[in-house]
Structures are given as C-alpha cells and as structure tokens.
Amino acid sequence: MTTSHMNGYVTESDGGGGTDIVEEGVQRHREMAVDCPSELGARTLPVRRSAQLEKIRQQQEDRRRREEEGRSRQELDLNSSMRLKKLSQNPKVGIDNPTFEQMEGPGGSAGGLQSLIAPPALLELEDLLMSLKQVQHSLNDSQSQEDVELVLQLVQKPDFQKAFSIHNSVAHYMNRPSPPYPLTDHAQTLAQEVEVMVQNSSHKEGLELSSLLSTSHMQALMMAHDSVAEQEMQLEPLVPSVNASETLTQWGGETVKIVRIEKAKDIPLGATVRNDMDSVVISRIVKGGAAERSGLLHEGDEILEINGVEIRGKDVNEVFDILADMHGVLSFVLIPSAQIKSPPIKETVVHVKAHFDYDPSDDPYVPCRELGLCFQKGDILHIISQDDPNWWQAYRDGDEDNQPLAGLVPGKSFQQQREAMKQTIEEDKEPEKTGKLWCAKKTKKKRKKMQYNANKNDDFDNEEILTYEEMALYHQPANRKRPIALIGPPNCGQNELRQRLLSTEPDRFAGPVPHTTRSRRDAEANGRDYHFVSRQAFEMDSAAGKFIESGEFEKNFYGTSTDSVRQVINTGKICLLCVHTQSLKVLRSSDLKPYIIFIAPPSQERLRALLAKDNKNPKPEELRDIIEKAREMEQNYGHLFDAAIVNTDLDKSYQELLRLINKLDTEPQWVPSSWLR
C-alpha cells in the first residue's frame, strides 16, 4: 500500500501572502516509494493517462522498430567482408606488451565494468621503451616507424618522465591495502562503562585503569576515534544479501546501462519514482534499501525495463504493481541521468532532538507520504542524509532495527521557512489595532534587538521557530555530577520532592547557597545560609548574568548564582534546584550541564486528593489553573525537558525521581552538542 504525493513547494502569493502548492508541478514532482513495507502507507489514486500520451508512446515504439530493421539490413556478412579476407592473406604478427598485462580484468573484456574501476597498474619506464622499440621494429612502412619514433622521443623527455613518476606514485597509493575497518563507533561509551565498573575495584590495576580512563587525554582520544569511525562506517560494504552488477550497452539507439540487483525479501528496494511526461524517473534513493547498498541506481535515471517488462509510458501505480510481484534478481534497463554525479561522500550522522511534533499524514508538502517519519517533541533523530536540504533522511533513536528504510523528515531551513510563513499569515489575519499594521511589526522587531533577560524570557522564546537541536552522548564523570533542576506549576510537589532528597541523603544531595542583600541575622552564617552582599555588588552580578534567577522581596534582593551551583558540584555532590521557566535559558546556556525534570500534575480529581493530604482545599478554578499552567509550560518549554514525572503519588514520584538520577551514573545521556565543544 502506497500513497502518491507531489514534492510541494511553498510559494507566497502577491495578494494574500498565503501559501499555495504549485498545481503545474503535480506531474513532475509526484513521488512514489516502490517496494516498500506494506505498513508504511496507503495506496494512491491512479494517474489519468490521456489518449495523446498513448499516441506518442505508439509513435516512439514504431520509430524504434523501424530503426532496428534498418540496422539489420545494413549488417554485412562477415564471410564476404573484403577487409577480413585481406587480413587473412597477410596476417600481422602479435606483440607481447607487458605494460597491459595488469590491466586485464577477470573477464578479459576491455569494455566491462571491472576494467573501468580497476586500480591503475604500476609501470616501469624501461618496459615501456622496450615495448615501443618492438612495435617500431615490427612495422614495415616508414610513416608508422616515424610516428613511433616521435613517441620514443616524447617518452625520453624529462617532463614526461616526471609525469610518469607521478602516475606510478598515484598507482602505488591506490594499490595499497585498505585501512582496517572499525569495529565500533562507541568506544567512548564503552570506556565510560568500563570506568564505572572498575572505579570501586579492590585491585590496584582496576583503580589504575579507572584513573587512566578518566583523564581528559584518554576521553579526547576516544571521542576522536568515534568521530572517525562513524564516518568510516557510513559507507559499509555490500551485505551478502545484495549482489549487484552494471554493464553499458545500446538499446533502441540510446546508450543505456543494465543494472542487476539481487534483493532479499526482507530488504526493500528503497527508491521513489515519479512520472516525467511518459518517462518513469528515479526521484530519490532511500538509505537502508537495496538500491542504496548497491550504489548502481541514481536519482535522475530513467527506467526503461524491469525484468523484461517495459516501463516507459506507465504511471507510478503500475510500476508499484510490477515490482510488488518481483523478487530475487531485478534487472533494470536505465538511461543514466545526465547530471554529473559527484563521488560519494562519507556523510557524518547528525543526532538531533526534535523540538516539534510531526505527522506526515497531515503534511501536504511531504514528497512521499509513505516514507514520512512520524515523531514527537523530544524524540532523538539520527540524520543520515542531508542530500535534499528540504527533506532529510533519518531514523528514530531505538527504531534502527525495526525500521528497514530511513524516513523523510523536514529539513531545518524548510521547516523554519514554512513556520515563518504560517506566522505571517496568522498575523495578517489579526485585526488592525491602530489603523496601521506596521505598528505591530515595529514592536516585534524591537524585541529582537533587546538583550536577553531572564525576566523577559517568554518574549524571547516567542521569537524562536523551534525545529531541531544537535545532540551528543555524554556520560557524567564520577566526581562531577550534573545538577538536577525540578520545574513545574505551583502545588505539583517539586519542592516536596527536593526537600525529601535533601533530608534523606544529605551526603549525596545539596542545595546552592543563595545570595541576598538583606542584613545577616544572629543565627545565620555567611556562606552557609546565604551569601550576604551589598546591593551594588548584587546589581553588578545581575547585570553580568551571574544569576540563574533573582527577585525582590520586602525591598531586598535574593538570587541563585551559577557560582553557588558550581561550588556544590565541586564537592562531588548532586546540586538540587527548583527553578522557574524563566531560568531555563540561563541555566542551559551555562557550563553546568543541567538535567531538567518536569513535575506534571495528575488529573484534577487526583490533584485535589493530593493537596487534601497537606490540608489544602483549592477551588475548582484553582485546580484548572494549575493544569492549564502545566500545559502551557510543556507547550512552550517542553523541548528543554530531559524527563517528565506525572505526580500521581508522592512516594512513587520520589522513587521515579531517584531512578532517573541514578541512571545518570550508569547510562550516557543525550545533551546539546554545544555543551561538549
């Protein structure tokens, strides 16, 4: 089952500023995934074929038949060939040319594919000179001997000999054995797991190994190894289930290539096709399929035949039906694309976190809906191809084994462009407030010029178009724990959970010491209860961006600084924070690498029961406000959360919180890649 869609392009009309799909490009940009797993999509409606198209197809078939008959009449009988008779009367003596011995492939065919891709042979200048002299000696006419003499003079010139030496150097390099293939691209993760296993070892060697693996030089080495290995493993060798070959030949007066791919039943072909007039053209090669693994099918190739079945003149639905019944060896007759094919590039896999929800069934612009990859905000995507800047090919984290083909997701620039146009349309539909729309636009432009301020974080976030954030795996060191930031609406239990952790395990958890401008009281100690500072010093630190969050209470300033959090981390403890949404940007832009957990409220009735245990009797509208506030926080800041806990029961939530914190010691976590640079 498949669905056909056009590769839509967003255009802005001159009048309404809206979006439109270019109707004229429907036939040209339609794509269908052929030989896809049946659960990936639904069937498309057939394309209506006009009588004129049938007439053109018939005319082309008649012309091809006439050309074949003409070539047959022009063929000469080899037995009556005057040239062959003359050669048989005066046969030429064959000459052994040692310079060409290494150029012959296994099949001995000079026109075969293997001879074209074989590495250059190493030649000796003396052998070349000897072969030329033998050729000159065997020639009878003086003109040919003079021609060979000119070649001999050329070979003996210093410039030619330098070029000849360069040729041999390149040939020597290309004939070298390939470097060893990497076994894994997760050496850094393995080293971190080993470090955790041996850090409490009772053996001297185990402690020494733990110390060695925790050094910055070793971690940098493992990171460099994984970066190189990840690139090397991108171009993996052909798997045994995909055998392929390619030959060039003439077909109907055109130069075509014949591609044979042996495809297993569990490996989809992984290609999309589109109609271009009466032609069927390969539109996209999808990662993970037999077409991509063979490396012989390319975008822009026109399909003429598949296993002897003529394809030209058929629509994409018919092509789907033809391929649905074919297994084993698939033989394609193709007209190669006229586009110049650049050599394959070892693409680096880019890991991103999705900051928006995406459902391809609701996207009219996805070029091939059955290949669209559905994902939710917070999912990790592995981008394996960005050849098409508008539509990337990706896998969801954890689905690589269950997802045979890569899926299509919107490219970052494309997603930003169409979201910006949606916002423009919505703004244009809003009623004018003062008679001129320019007023609102000027206000918006002024916000962008405003310096980032935690107190105005909501305005700052409204200007962003959330798409993707590049991520990398990070395993926290044993002596430098990530701070835990709890966030949620009031009365959702985040403060109670924090206090329980602090009182239950004081040797493991600690809170940052806040700053204040009020006077110190008798029982208080500077640096233990508060950092007591002057109002001027507090304002200077606030202007310098040193506070995660700050506020004023009874004409005194209070604030939590990044330095206070860092002091807790330096002691080896886990710093616990309860912060507001306005503080998340400052916290994440620091070097603290926080782990942010959202504490969400349960249903309204369950929330009422939880608050009743604390002798609280909120009104129904207050409960609705808490739930609505949580929904707004998740909608506006959910892309910044690392985990979420629905607090249906405080004891269960406490155990879940402990599980998430303990997991940071044993498993690497996805963090923004900018944190590791």
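Glycine is no exception: its Cβ is also placed from the backbone N, Cα and C atoms.
Worth saying up front: this structure is predicted, and the values here are computed from it rather than measured.
Copied over from Swiss-Prot, here are the features:
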REGION    39-81  region 'Disordered'
COMPBIAS  51-76  compositional bias 'Basic and acidic residues'
DOMAIN    121-178  domain 'L27 1'
DOMAIN    180-236  domain 'L27 2'
DOMAIN    258-338  domain 'PDZ'
DOMAIN    347-419  domain 'SH3'
DOMAIN    481-662  domain 'Guanylate kinase-like'
BINDING   GLY488, PRO489, PRO490, ASN491, CYS492, GLY493, GLN494, ASN495  ATP binding site
REGION    506-526  region 'Disordered'
Near-site residues: ATP, ref GLY488, PRO489, PRO490, ASN491, CYS492, GLY493, GLN494, ASN495, CB cutoff 8 A to centroid: ILE599, PRO601, ILE626, ASN647
Where GLN494 (ATP binding site) sits in the secondary structure, as DSSP reduces it to three classes: helix
Within the region 'Disordered' (506-526), residues counted as helix, strand or coil by DSSP: 0 helix, 5 strand, 16 coil
Top Cβ-contact partner of the domain 'L27 2' (180-236) among 258-338, 347-419, 481-662 (pairs under 8 Å): 347-419
Among GLY488, PRO489, PRO490, GLY493 [binding-site residues], residue with fewest other Cβ within 10 Å: PRO490
Candidate with sparsest Cβ neighbourhood (10 Å radius) among ASN491, ASN495, the listed binding-site residues: ASN495
Close in space, distant in sequence - GLN494 (ATP binding site), Cβ under 8 Å, 6 or more apart: LEU486, ILE487, GLY488, CYS578, ILE599
Helix, strand or coil at GLY488 (ATP binding site) [DSSP, three-state]: coil
Listed in sequence order, residues with CB under 8 A of CYS492 (ATP binding site) and six or more positions away: ILE599, ALA600, PRO601, ILE626, ALA630, ASN647
